[in-house]
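A short worksheet on the structure shown next.
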Amino acid sequence: MVEEGNIEASNKAVEEDNGPKGLYYCFWGPIYWFRMLAMETHWSFVFAVVSTYGISQGLGGALARVGTEYYMKDVQKVQPSESQVYTGITSIPWIVKPIWGLLTDVIPIRGYRRRPYFILSGLLGLVSMLIISVHGKLHLVFALMALTAGSAGVAIADVTVDACVAQNSNKIPSLAADMQSLCSLMSAIGALIGFSISGVFVHLIGPKGVFGLLTIPAALVFSVGIVLLEPHDANFAYKEVSKKFLDAGKAMWRTLKCPEVWRPCLYMYLSFALSLNINEGLFYWYTDSKEGPLFSQETIGYIFSFGAVGALLGAILYQNILKDHPFRDLLFWIQLFYGLAGMLDLILVLRINLKFGIPDSVFVVIGEAVTQMIGRLKWMPLLVLSAKLCPSGIEGTFFALLMSIDNFGLLSSSWGGGLLLHTLNVTRTKFGNIWLAILIRNIFRLSPLGVLFLIPRGDPNSSILPTEMLGSEDETVAEESKNIELVSLVNSVD
């Protein structure tokens, strides 16, 4: 009887393995997957991920990037060096992500920890985008304030939905990977669609019209705060909030003083800060009618969409081939290729590609895809390394702190690139020295190789923190921080 039961179970398993595959599975499989996630976690959670990652960050972020570049160039008429600095200013809300994470975790509003922050995020996006879109020509200072407020709205929504993912991952550990895959998939698809249509919309309705469209993602995030299923806590002890902040701060400072932690943190900051960002100067050159190739708005959108494809390929390459390689060895080759990939921009602005019969549009698409792919390959091991630097009990908050260090490095890169463009007198109409700016940027991209000794030699499967930090040093902090937000693993690098 036992053997017969085993045979029946085996036959049943074989029948399940031979279930619907092929084209049928390719079409209906994702639908069944979405349905399963909606049933296991509640449909409002899936709606929150799709709205925040897919529409707000992915599609909305793509529209915002192209719209902002044309807004600064054609409406505000600023110099590329100034635009570079202003772009850095609008990214400041992402640097203070640990603050948003702590707020949504330790300070509920009217008994809810997540819903009020989605509503706040949506309101910030709605108001700021409406102000820019309806005003004839907003003063630059107020325009920067509105853009920064919109960026803060997206950052708060990002932190809040990550906290929801963390909570559901704790409740349903078997679906943790599926939820992260859902976040990554929505972000990638949204970015591809957004960049593909961004140039068309900028051409049809102008950059201010694009900002008007961005009220739709903000409204969806606002609606998440209305419908999200979340338990109500009516007896929260607000008097303990200051103690929770103090405990979390002490734990983070104690961790940062550890050499195994601050050394990789210093490398991560330097690796981003020294990779000078001169994208605004290149964008102005792309659209110049005299010295540049005069790309249309549609072409600019398509260029960025191929960059999104390159980033996706980089993530796939790392996951399937490179994820088990030692950190220091992998980062050496990636940083080396990152500097060499910058030479593609130099070939483009010197018009060497035309001598070989390669059109500008084709060559710039190849360069963007390669650069974004290598940039993602650089980002992924640093994310894994950051996760291994987080001590028990404050994993989420400390991970958010590490991501803020990276974002501060990106801010330094943006401002450093703006200073470089200003020093070399690269303006709206003068591009004689842009080749020199690219060459200097490429040299700076190679400079992090000199501080690579700060990165541990260990592989991703070994522990980095001292043994005493892997356990729970503070039970109170561990208990209060176990649902701290998990920062998104999909970010823009360049």
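Just so you know, glycine gets a Cβ as well, placed from its N, Cα and C.
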As TrEMBL has it, transmembrane segment corresponds, among 21-42, 43-64, to residues 43-64
Outside the transmembrane segment (299-318), at least 6 residues beyond either end, the same-chain residues with a Cβ under 8 Å of its Cβ set are 62, 65-66, 69, 184, 188, 191-192, 195-200, 202, 283, 286-287, 361, 364-365, 368-377, 380-381, 490, 493
Outside the transmembrane segment (140-161), at least 6 residues beyond either end, the same-chain residues with a Cβ under 8 Å of its Cβ set are 48-49, 52-53, 56-57, 60-61, 64, 68, 71, 76, 78, 86, 89-94, 97, 100-101, 104, 114, 117-118, 120-125, 127-129, 131-132, 183, 214, 218, 221, 224, 400, 485, 487-488
Quick tally over 117-134, 210-229, 398-422 of CB pairs under 8 Å to the transmembrane segment (266-287) gives the top stretch as 398-422
If you count CB pairs under 8 A between the transmembrane segment (330-350) and each of 43-64, 210-229, 398-422, 434-455, the winner is 434-455
For the transmembrane segment (210-229), the distant same-chain contacts (Cβ-Cβ under 8 Å, at least six residues beyond its ends) come to 42, 44-45, 47-48, 51-52, 55-56, 59-60, 63-64, 66-67, 71, 114-126, 129-130, 132-134, 150, 153, 157, 161, 164, 198, 201-202
Per the Cβ under 8 Å criterion, with at least 6 residues separating them from its ends, the transmembrane segment (43-64) contacts 34, 37, 118, 125, 150, 154, 157-158, 160-161, 164-165, 168, 179, 182-183, 186-195, 197-198, 201, 210-211, 213-214, 216-218, 220-221, 223-224, 227-229, 304-305, 308, 488, 490, 492
Beyond a gap of at least 6 residues from its ends, the CB atoms lying under 8 Å from the transmembrane segment (117-134) belong to 48, 56, 71, 100, 103-104, 109, 142-143, 146-147, 149-150, 152-154, 156-157, 159-161, 208-209, 211-212, 214-215, 217-226, 228
